[in-house]
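Asks: This structure is in structure tokens; I'll ask about it shortly.
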Amino acid sequence: MQLGVIGLGRMGRIVVDRVLDAGHDVVAFDLSAEATAAAAEAGAEAADSVADLYERLDGDARIWLMVPAGDAVDATLDDLEPHLTSDDVVVDGGNSYFEDSVRRAEATDAAYLDCGTSGGPAGAELGFSLMVGGPEWAYEELTPVFDAVATGPAGHDRMGAAGSGHYVKMVHNGVEYALMQAYGEGFELLHRGRYDLDLEAVARTWNNGAVIRSWLLELCEEAFREEGNDLGDVADRIEGGSTGTWTVQEALEQEVPVPLIYQALSERFDSREERFGRRLASRLRYGFGRHDVPRREE
Ligand SMILES: NC(=O)C1=CN([C@@H]2O[C@H](COP(=O)(O)OP(=O)(O)OC[C@H]3O[C@@H](n4cnc5c(N)ncnc54)[C@H](O)[C@@H]3O)[C@@H](O)[C@H]2O)C=CC1
Ligand SMILES: O=C(CO)[C@H](O)[C@H](O)COP(=O)(O)O
């Protein structure tokens, strides 16, 4: 199969590499000429614009967008739209708001798949977990690509109609917020509590057989190892927040109580007050997403 990939940052580049590794062909484009050149060095065919990328695809186009959610997705679709036909398939693998994905699916001539992607840059070698919404035929058609980008056939599934993939990913992120909050609170108590504890050793011990072992807890272990027992100069400030806000808004609309997710979101908004748990959450975002870690002023 031949896949066009637009957006070659932390996540898009992994899509390129995994699809190439699986023996498919890739045509790649990014606004950054440097990112496009790097993908070409890895074996992709470089395109110098969205239109050029489309031209380089043989037969019906299969295109994966991995650009930042919001305006960049609309801008890319605007450039693609004059070329797209109903036999083409466009996948949006970013963290788009699900209602935007429904709108885009209705507006485009192509079959549109909204694909929630979990695993982050750190999960590059293992592959991602993919939650896909949109037409069944298009999902089936792209299955070889999903097999390559995901951990394997079990690492992706079609959730349902348009928007459902990004809806499930939105809730996933709400859960992620709550789990980070829970680990943050536990380690804050251990840090400020009665014993002088080695928190990396605690995390490592918990990760070996404990009920609460997890990848996020492995990232806690990594954070204490790399930053120190007191998290060094990691600032008490957590960035991000859009996907958690959407989750809470949707929960309010559906009248479903999500107090833990709401609390975790509030902590982010409240992160002007210095808190150890939030500093850990900030460092965990680096662990799973390679997001920037704001550092304390010297
Ligand atoms: N980093 C993470 O842990 C995860 C990120 N995501 C989502 O994946 C998407 C991409 O994220 P990252 O790769 O982390 O971002 P990134 O900032 O590392 O890369 C985005 C790339 O898109 C390019 N770009 C921006 N506008 C463009 C346009 N109009 N045309 C072509 N290229 C354009 C940029 O030059 C950049 O190379 C986002 O929606 C993000 O929320 C999803 C899951 C995890
Ligand atoms: O989707 C992700 C992980 O699953 C991304 O890392 C996302 O950026 C996390 O959300 P936030 O930026 O609000 O922390």
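Think of each number as a place in line: the chain as shown, counted from 1.
Cβ coordinates come from backbone N, Cα and C, glycine included.
Under the heading NAD(+) binding site, TrEMBL lists Gly7, Leu8, Gly9, Arg10, Met11, Gly12, Val67, Pro68, Ala69, Asn95. Among the features that TrEMBL reports, substrate binding site is placed at Asn95, Ser118, Gly119, Gly120, His172, Asn173, Tyr177, Arg268. Summarising the annotation, TrEMBL assigns domain '6-phosphogluconate dehydrogenase C-terminal' to 165-294. Annotated active site, proton acceptor per TrEMBL: Lys169, in sequence order. According to TrEMBL, the feature active site, proton donor maps to Glu176.
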Asks: Using a 10 Å radius around each Cβ and all protein chains in view, which of these recorded positions has the most neighbours: Lys169, His172?
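Replies: Comparing the recorded positions Lys169, His172, the most crowded Cβ belongs to Lys169.
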Asks: Within 10 Å of the Cβ of Gly9 (NAD(+) binding site), how many other Cβ atoms can you find? Include all protein chains, please.
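Replies: Counting Cβ neighbours of Gly9 (NAD(+) binding site) within 10 Å gives 16.
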Asks: Which one of these binding-site residues, Met11, Val67, Ala69, has the sparsest Cβ neighbourhood, judged by other Cβ atoms within 10 angstroms?
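Replies: Looking at the binding-site residues Met11, Val67, Ala69, the Cβ with the fewest others within 10 Å is that of Ala69.
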Asks: Filtering Gly7, Met11, Ala69, Asn173, Glu176 (recorded positions) by proximity to ligand 1: which pass a Cβ cutoff of under 6 Å to any of its atoms?
Replies: Gly7, Met11, Ala69
Asks: Can you tell me how far the Cα of Gly120 (substrate binding site) sits from the Cα of Gly7 (NAD(+) binding site), in Å?
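Replies: Roughly 15 Å, rounded to the nearest whole number.
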Asks: Out of Gly7, Gly9, Val67, Ser118, point to the one nearest the residue listed as 'active site, proton donor' in space (Cα versus Cα); all of them are binding-site residues in the record.
Replies: Ser118
Asks: Determine the C-alpha span of the substrate site listed in the record, that is the greatest distance between any two of Asn95, Ser118, Gly119, Gly120, His172, Asn173, Tyr177, Arg268, in Å to the nearest whole number.
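Replies: Between the most distant Cα atoms of the substrate site, 21 Å.
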Asks: When DSSP is mapped onto helix/strand/coil, what comes out for Arg268 (substrate binding site)?
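Replies: Note: Arg268 (substrate binding site) is helical by DSSP.
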Asks: Hey, what's the widest CA-to-CA gap across Gly7, Leu8, Gly9, Arg10, Met11, Gly12, Val67, Pro68, Ala69, Asn95, the NAD(+) contacts in the record, in Å?
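Replies: Among the residues the record ties to NAD(+), max Cα distance equals 15 Å.
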Asks: Cα distance, Gly7 (NAD(+) binding site) to Asn95 (substrate binding site), nearest Å?
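Replies: Distance (Cα to Cα, whole Å): 13 Å.
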Asks: Work out how many Å separate Gly7 (NAD(+) binding site) and Tyr177 (substrate binding site) at their Cα atoms, rounded off.
Replies: 26
Asks: For a Cβ distance below 6 Å to any atom of ligand 2, name the recorded positions from Gly9, Met11, Val67, Ala69, Lys169 that qualify, or say none.
Replies: none
